[in-house]
Amino acid sequence: MAAHGEADQLGTTSDSDQGELNETDAPGKSEDAILFASDDFDNLTYEGLAEEAQKPVQKGTIHAIVRQSSNDVDSRSNTPNNIDHDSSEVSAGEESVEETAEQAQITPRADNTEVPDTVDASRIEIEEEDAYNPEWKNQKKHVFILSASGKPIYSRHGKEDKLVTIMGVMQALVSFVQDAKDQLRSIVAGQHKFVFLVRDHLILVGVTRGMDSTQQMLLQLMYVYNQVISVLTHSSLNKIFKQRRNYDLRRLLTGAEKFFDNLLNLMDTEPGLLLTAVRCLPLDSSVREIIAQSIVQNAKLKDLVFALIIVKNQLVTLVRMKKYYLHPMDLHLIINLVNASESFKDAESWTPICLPKFDASGFVQAHVSYLDNDCEVCLLLLSVDRDSFFILSEAKDKIKARLIRYNALQAINASIKRTSYSTQQCGIPDLRHFLYKARSTAQYTSPELEAPYTEPAEQERLFGMYLYLHHRIHTSGRPLKILFHVGEYETLLGWVTQGFELYAVFGPLITKTSAIHAVNKLLRWIKREEDRLFILNSVTF
Amino acid sequence: MTSPEENMKSIEAKVVVLGSQGVGKTSVVIRYVGGMFSKAVSPTIGASFFTYKMTLDGYRVKLQVWDTAGQERFRSMAPMYYRKANAAMLVYDITSLESFYDIKDWVKELRKNVDTPIAMCLLGNKSDLDSGRKVSTAEAAEYAASIEALFFETSALKNLGIEDAFLQVSKQLLKMYETYPNSGMGLLSSPQESTDIFSHTTQNVKLPSRTDSEKPPSQGGSNCGC
């Protein structure tokens, strides 16, 4: 309520002095954030990365939770830094069995299983490499993963085993520059940008002729790298390559290609990844409270770290263990997992997932289930106890029952059907679309895509404008606070303060004064709606 | 309805489905539990959990079926599912020799890591693709005999052999239960024990939504002849 009064007050002041941007209190601001507030983009430079590479990865979190919560810290697992932090760490006990089996996985299998046929095939068909295929060449954005020794691991377009030559060239470029004690960052050739990221035995390469800046490409490569970690854990990845430098990682990533594909598609359409922020499903805060309470009351279990509900790439609610925050990049990996996996729709599932920002060295176990028959409302319970499936399954039944009893599931479904909101609702005539990120909560909001952005090509163009605006504002050499850009078909206004980032798209004829006026009005509208558009209270177990 | 059921002993058994990727583990399970076949089954992530209830030889049998992912990267998770399993369905694809050889690794792994009795059943799936067959029935049957496993060729597409396979496995589980009822090896939990598992939370032991309203398995008690 206090928020409303404040907004109105600010409203009157800004109306009086038209033509000036008002650094209001950022709508959607909260001291009690559910997510780890991150400005990863600004920190994402090669210098920063080099520094980060020196630092140990985030690890030991899972171990700490397991140790804390198990009353009988068993002495067998008191060697936190020895061999593997991965799956066996997830459970506090019974490691002996796991370890042996794990060895079976991690230890690269005998040579005969090394996918020899594909290597032969590529040798024979070297003339038909995808790289000569015009369709392949015309793709707007390529992303490749290869091992430090040049073995193809993944390609967004084409078959990676038909790209051995080009991947060999990439590896040669990287190692040539490395030999000179230097680091290859990017190459710009005509319309194309080639961006390189070398991390832990992996080389990631992004090639774009779109609007993405080098730094934006680097962010995308970081996501892809995190996706690799999410599937394998940092510990296994290192262990594998320490044992065999030329290991064919595709073996362990079979079936995970769709996560990369899906993630890259999300990155081209979903601004949240660029903003390292998450969009929430609009809901009355009272309904959201009921949902969160349903989870707290029925899933207060000692090893449960995060419980969240996701609908159509949007967050409905998140309940977390008191000491731990979920990083938006990790949340995007979770969203990607749900988004890319049809198999969760068949039955309750129990799957390991590594959240690199939370703990890169081990898996948490995810209980994944859909709460409605249309398979849209997805509940995830993330636990560090790998034997807790049945307990979580029962908790899920109770959560579901309570959500039905309080009509919360109905409210979620209604919100899905209603779609988000139209730009018109903001009551600003010349405003076509916008992105607004509340920095303290790592959440963003934006209206539905409407005319003229209904066709995919137009949507891509819009996204390209946001990339441009974002890039101009965040250029590490010369960051801007405000940018007013008059383009051919639209006028753009970008504005970044301590509290928020706003990117707005107007019709081409708007004047600077009215754009500023409009933006002030928009902020007031968002402030009024903030309880519905953002999650402002963090609920903990 | 209640009185005869109350007299019946209930047992719960954990069944784990193992095998290489793409051999049709999920299709087999969905055919059995859900009674249908979908052409577009997507690869399992981690493991999916299904339950199936039947009455058999005077027992109420609840099968907890863990349908595991065949992908290599989930290999390290498998112990979690087979560790306390009472039965293992080992699925291969009759058109893939490699998937058949992989079974041997699974058997080796089970032998090494599971010290409780476990009923094994070898399933040669995709029997409808006989023209592309690479694994002969005789060879598979011989192998199954050598590891003392049941053996069936199945087709999730044509619904062949699957019900029979699960039925025979269930019978073997009953036999195991009768032979070692108190072995404490987590073989089959008696009703009290199963209550224990859930007692943390509440009295609601049975999943409320899927109780006996589920269609009774057609083969219910009719086949007790063998």
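Numbering starts at 1 and runs along the chain as displayed.
Glycine is no exception: its Cβ is also placed from the backbone N, Cα and C atoms.
A TrEMBL annotation is a machine prediction, not a hand-curated record.
What TrEMBL annotates here:
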- A:67-82: compositional bias 'Polar residues' (COMPBIAS)
- A:141-263: domain 'FUZ/MON1/HPS1 first Longin' (DOMAIN)
- A:302-399: domain 'FUZ/MON1/HPS1 second Longin' (DOMAIN)
- A:430-530: domain 'FUZ/MON1/HPS1 third Longin' (DOMAIN)
- A:1-117: region 'Disordered' (REGION)
Across the domain 'FUZ/MON1/HPS1 second Longin' (A:302-399), what does the pLDDT come to on average, as a whole number?
93
Using DSSP, how many residues of the domain 'FUZ/MON1/HPS1 third Longin' (A:430-530) fall into helix, strand and coil, respectively?
38 helix, 29 strand, 34 coil
Tally of residues which DSSP labels helix, strand or coil - the domain 'FUZ/MON1/HPS1 first Longin' (A:141-263):
59 helix, 30 strand, 34 coil
